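> Encoded as structure tokens, here's the structure I'll be asking about.
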There are 2 protein chains.
Amino acid sequence: MAPRERADAARNRRAILLAAHRLICENGVDQVSMSDIADAAGVGKGTLFRRFGDRAGLINALFEQLTEDWEPEALDRLGDTAAEPVDRVVAFIAGLFDRITVPGRPLLRAMGAHATPERVRRYRIWQSRLADVIAQARPDLPEEEAGFMAYVLLTLPRADFVDLLEGGGMTIDDVRTRILSHARLTVTGRPC
Amino acid sequence: MAPRERADAARNRRAILLAAHRLICENGVDQVSMSDIADAAGVGKGTLFRRFGDRAGLINALFEQLTEDWEPEALDRLGDTAAEPVDRVVAFIAGLFDRITVPGRPLLRAMGAHATPERVRRYRIWQSRLADVIAQARPDLPEEEAGFMAYVLLTLPRADFVDLLEGGGMTIDDVRTRILSHARLTVTGRPC
DNA sequence: TAGAATACGGACTAGCGGTCCGGTTATGTC
DNA sequence: GACATAACCGGACCGCTAGTCCGTATTCTA
């Protein structure tokens, strides 16, 4: 078993995550260097790199932090057979949008390009769980079709896609509404 | 009027584009430095940067080169009322997939993150033309709904999306088939 | 062919991600 | 409470990159 994390190490880890999050939100993820983050956190670069390995590791840790208190509950609700399957699917996408895409946009913006194995793994879990529920909603569909739908629905609440839509004149609420109604339409196969 | 491009300048421009394309295909876009490209093209770095401004400018020029002999014809066919609207939409997405996504994947992979204004402009033209044709296919739909559908269809033949699907075990032909049948389903509103 | 305009190219700069190691500090033990 | 030790700290340092600059060479025009 790994020994308990030393108090100073834990304190610095928190300071780094906090500073990184703040700087990225203020300046955009690729206007922030690792030295900036170390300085703002009041630690040396060595500390930062030892803790998180490299830049991708730090970004990944920020992503973990963003998802960790949403994901378990969201997956539970997705599997909760008390509600209609289609409603569960739409609610999952809504939660993803509200809890991850919107608050994490400055962070997520540059992440698509450098998807780490860890994030791809998590993404696939979501896809697979969604596919199950879509298959429940649409027993008429071939299995792979449900799987593909899950991929499509998950690709809508992407930071760069939302950016594009906003740049085209939609408000963030318009974007949310459109994505969700498109999701419902896709799953049910008929207009809402 | 701008004076004619000098012969040596034209020769070097071609050499640079050729070398850049080759190196990126061989090594992946972010394993290739600007110096690598200059060396491979047999020119100095100054020449490369004067011609293309910066890295984004060069990538952009490669993208232009990729699209320039597909786009005009594709837009013509998209507007050709001899065919059914839905077939035109699907054909456009198919062309985008076959002529841009697949051959340009090594190039396109890292482009999502750094979308230049020029590329966004072109993307919006495609979206707007697609939206028109979708509206013809589905006069029952509100106009903004057709516009959103166009955005969704255009986001499917993305390099990173195709990569993800391939990583999930699909062949490139599976991916193509799924994207096109999803496009048809989305536009018609009923299973194929 | 001469002169002007333009392009060439490689040495140079600033700043980045990432490493390393001598000094420091928290922690468990007696 | 004092000591031994393992873990942690931080900033100097390295290799490399995108991008600049300017003296020199080439092309175009008349």
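The backbone N, Cα and C atoms fix where each Cβ goes, and this holds for glycine too.
So TrEMBL says this about it:
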- A:10-70: domain 'HTH tetR-type' (DOMAIN)
- A:33-52: DNA-binding region (DNA_BIND)
> Using Cβ atoms and a strict cutoff of less than 8 Å, what residues sit near the DNA-binding region (A:33-52) while being 6 or more residues removed from its termini?
9, 12-13, 15-16, 18-20, 22-23, 58, 60-61
> Give, as a single whole number between 0 and 100, the mean pLDDT over the DNA-binding region (A:33-52).
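Result for the DNA-binding region (A:33-52): average pLDDT 94.
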> Count up the helix, strand and coil residues in the domain 'HTH tetR-type' (A:10-70) according to DSSP, in that order.
50 helix, 0 strand, 11 coil
